[in-house]
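Novice: Below: one structure in C-alpha cells.
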Amino acid sequence: MNFQTTVVGYPRVGVGRPYKQALERFWSGKLDETGFRAAINELCHDRLATQAQRLDLVPVGDFSLYDHVLDTALMLGAVPARFGKVDAHNLQGYFALARGRDGLPALEMTKWFDTNYHYLVPEIPERWELQANLVLEQVRFAQNVVGAKARPVLLGPWTFLRLARLAGAELAQHLQQLTAMYAQIVRELNDCNVAFIQCDEPALVGDVTEEEWQAFAACYRELSKHGKIVVQTYYGDVTPWYRELCRLPIHGLGLDLVQGHANWAAIQYHGFPQDKILVAGVVNGRNVWRSDLADLYTKITGLSEFVAPERLILSSSCSLLHLPETVTAERNLPVAVSSGLAFAQERLAELELLANALRDGIASVQPTWDAALASRQQWLDGVGRIVPAVRERTAALGTETPARLAYAERVPLQQAKLNLPLLPTTTIGSFPQTAALRKARAEAKRNPTGYAETINAEIAHVIALQEQWGIDVLVHGEPERNDMVQFFAEHLAGYVATQEGWVQSYGSRCVRPPVIAGDVYRTAALSVAETAYAQSLTKRPVKGMLTGPVTMLQWSFVRDDLPRSAVAAQIGLALRDEVTDLEAAGINIIQIDEPAFREGLPLRRNDWQNYLDWAVRAFRIATSDAKPSTQIHTHMCYSDFNDIIAAIAALDADVISIEDARSAGSLLAGLEGRYTQQIGPGVYDIHSPNIPTVEQLVARMRQLLNYLPAEQLWINPDCGLKTRTYAEVAAALQAMVTATKQVRNQIS
C-alpha cells in the first residue's frame, strides 16, 4: 500500500522568528526592499526544503508577508477606494492595507474562525479585477526548490466571501463574478503540472444555508473544468453536506479527521467516491500533543475499505500555522512533558512514520515506532498530570454557576468607594515594552535584585505618566509580563512555558502559547506585589490585571486528556484566590481579561450553548467571591457580540471594554438597549501607528453617545499598548483625555 503525505499548510515564523525580524526591520527602515525580499526568499526556501524532506507533496501559496486573506483580496482587486490603486507587488501599498497609513484606517482585523490567528476582513469592491496570480509566482519559486512536490494552495472563493461577511443572495451574486477569475487562476496553476490545486473552504464546517450551498456547488462545478481541484476543509466536520460534496466533479476532498470526528462516521456510513482522492487530516494541526499512532494506524487501515491507498493522502487536520516550528528548539522543558509534544516538524515526522508503517508494516519501522509510543506514554504517566487536591476542589464546586450581589445593588457601593467622574478614562492594561525592559527580563535570573528594581522603576514611571496625562483609573503597565497568558502560565502549576514555541497571531506579532500539561492551581500570589506597589504611588484607583480562564485556555495548548470545561474551572479557582489577595492588598478594581471569549464558540450555532454555559461558569468561579464594592472589569477583542449578548451579560462584570474602534460602532448598534452594564468600546485603534486627533476622538465619543447613555460609557483605547512606542502612547492618550474633557463639558 503506497500512502502519500502532505500538510494543509506550514508555519511562516521559522526557528528564531526570522519572519518577524525581517518584517520589523523593513518597517523601521533598517532593511531596504531588496534586503527584505532576499530575507523572505531565504525563509521560504528553508520552509519548503524542510517539508520536502518528509512529505511527498508540499503546499505552496500558504505563505504570506502579513495575511493570506489580504493576499487574496489584493490578487482579486479588493482594495478599498480610500487607498487608491495598489499594485499587487507594491510593498508600501500592501502594508498600508494591513497597518494603515497617513490617517487612512487599515482593514478591519478579526479572528480567523475559532483560532488565535487574525485575518484582515476584505472590503467588497465595486468591481472585481484580477491583479496578478500571486500563487502562481510562489509555485514557480517552489518548483525550483522542491520540484514536482510543489502543489498550490488557494483560499477558496466561497470562504473568501464568507470572511468578507457576505451571505445569502449577496454572496451568490459576488461568487458568480469571482468564479471566472478563479477559473483563470486555476488554469494557470494547472498548466504548471501540479498534482492538484488545494482550495481551502473551511467555512463549510460552519452553518451553511441551502442557498449558500447551491452557490458553492455551482462555483466548483465550473472550477473543476479548469484544473484538478481538491476542496480542503478543516476545523470541524462537513457531515451536513458530505454526500453533496462527494457528488461534485472535483478531483478530491480534504477532511479534518481530528476535530471533525463525525467525518469518520460519514465515510463509513456513506462510503467515499472511487473517482476522488481523500486528503485525510489525521494528525492534529492545532494542538501539540503527540498523535496516538497505534490508534491512527488502526483507523487508517480501516479506511482502506472505503478509499484505495493510492487515492488516500495522509495530512494534517488543518494548517500547521497554529504550531511552533520544532520541539528540538526547546532546552528547558521537563522531559515528562517534552516527550509528549509534537510541533510542526514533528508532525511531518509522524506523517512520514505512519505512511511507512502502513506501506511496509510496523515491523519495518519498529524501533522508531516503539520510541514514539513510549514518548507519548511517558507524558501520560508523568507526575503532576493529576493532582488529587485540585480534583477535589473542583468537584466541591458542584454544577451550579456561582453569583454575586445584583449589579444594580453593586453600582452605588462601587461609586461611593471610587468616586469616578462621568466618562471615566482608563487604558486596557499594558504599556510599551522597551528594549531596556526586555533586556532586564532576559537577565532576571542572573540579577533578580536589579530586575525587581527595573520593574518598580517602570511601574513608577507609568503611574506618573498617567497622572500627568489625567487618566482617571490607572494601570501598573504590566512591565513584568512578557505576554498576558505566558506570564500567568509561568506562575501557575500545571502549565509549562516554551522558549521557542512561537506562533503567528497577526503580521509580525508572534505569541508563545504555554502548554497545559497537568492540573492547574496557584502556588503563590501572581500579581499582588506589583499592583499593590503601583497603588501605593497614587491616590487614584489602580486596576488589578488578570487574564481570564477562557483566554488562558484558548491561548494555550491544552491537554487532550481532560474536558476543556474541567480545565477552565481549575483556572477559575486559581484566579479566585488571586482576586481575594488583591482585595486584601487594597485593590478596588480588578480586570479579568477575556479577549478570547468569543473565539471559543463552536463554528455551528447548535453547539454554542454548551460552550457558553461552561465559559460563563469559569469566569464567575473566578469573580463570585469578590466584594460587592469591588468593581470587576473585563476586556474582549475583535468580536461580534450581538449574538451572544446574553452570555456576555451573564458574566456579570461591572464594566466591559471591547475592541470596536475599527468597526465604526456597528457592534454598539446591536447592543443598544440590550446591555445594562458599563462599556468602554475603544475610541481609537492601537494596532495602527496612526495617532488619533482630538477632533477624531470627539467625533468618536459623540458617535458612541448615540448608542449609550453617558453614565454607561467608559473612554479607553481599544486594546493594550504593549506594541506601541511611548511617543505614540503619550500623543494618543493626551488627545484622548483632552477630547474627553471637551465632551464632558458639552454634556454638562
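Cβ coordinates are placed from backbone N, Cα and C, and glycine is handled just like the others.
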Novice: Need one residue: from LYS30, LYS85, LYS111, the one Swiss-Prot lists with ARG509, CYS510, TRP555, GLU599 for 5-methyltetrahydropteroyltri-L-glutamate.
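Specialist: 5-methyltetrahydropteroyltri-L-glutamate site check in Swiss-Prot: besides ARG509, CYS510, TRP555, GLU599, the record includes LYS111 out of LYS30, LYS85, LYS111.
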Novice: Per Swiss-Prot, what member of ASP577, ASP581, ASP593 joins ILE428, GLY429, SER430, GLU478 in binding L-methionine at one site?
Specialist: ASP593
Novice: Using all protein chains in view, find how many other C-beta atoms are within 10 Å of the C-beta of CYS719 (Zn(2+) binding site).
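Specialist: There are 26 of them.
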Novice: Rounded to an integer, what is the Cα-Cα distance in Å between GLY429 (L-methionine binding site) and GLU659 (Zn(2+) binding site)?
Specialist: 13
Novice: Specify all same-chain residues, apart from the site residues ILE428, GLY429, SER430, GLU478, ASP593, whose Cβ lies within 8 angstroms of the center of the Cβ atoms of the L-methionine site, ordered by sequence.
Specialist: THR427, VAL475, MET484, MET545, GLN591, HIS635, GLY720, LYS722
Novice: Could you state, as a whole number of Å, the largest distance between Cα atoms of any two of ILE428, GLY429, SER430, GLU478, ASP593, the listed L-methionine binders?
Specialist: 13
Novice: Compare the Cα of CYS719 (Zn(2+) binding site) against each of the binding-site residues ILE428, ARG509, TRP555, ASP593 and report the nearest.
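Specialist: So, spelling it out, the nearest of the binding-site residues is ILE428.
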Novice: Using a Cβ cut-off under 8 Å and a sequence separation of 6 or more, which residues in the same chain sit near ILE428 (L-methionine binding site)?
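Specialist: Looking at Cβ-Cβ distances below 8 Å from ILE428 (L-methionine binding site), excluding near sequence neighbours, one finds VAL475, ASP593, HIS635, SER657, ASN716, PRO717, ASP718, CYS719, GLY720, LEU721.
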Novice: In whole Å, how far is GLU478 (L-methionine binding site) from GLU599 (5-methyltetrahydropteroyltri-L-glutamate binding site) when you measure between their Cα atoms?
Specialist: 24
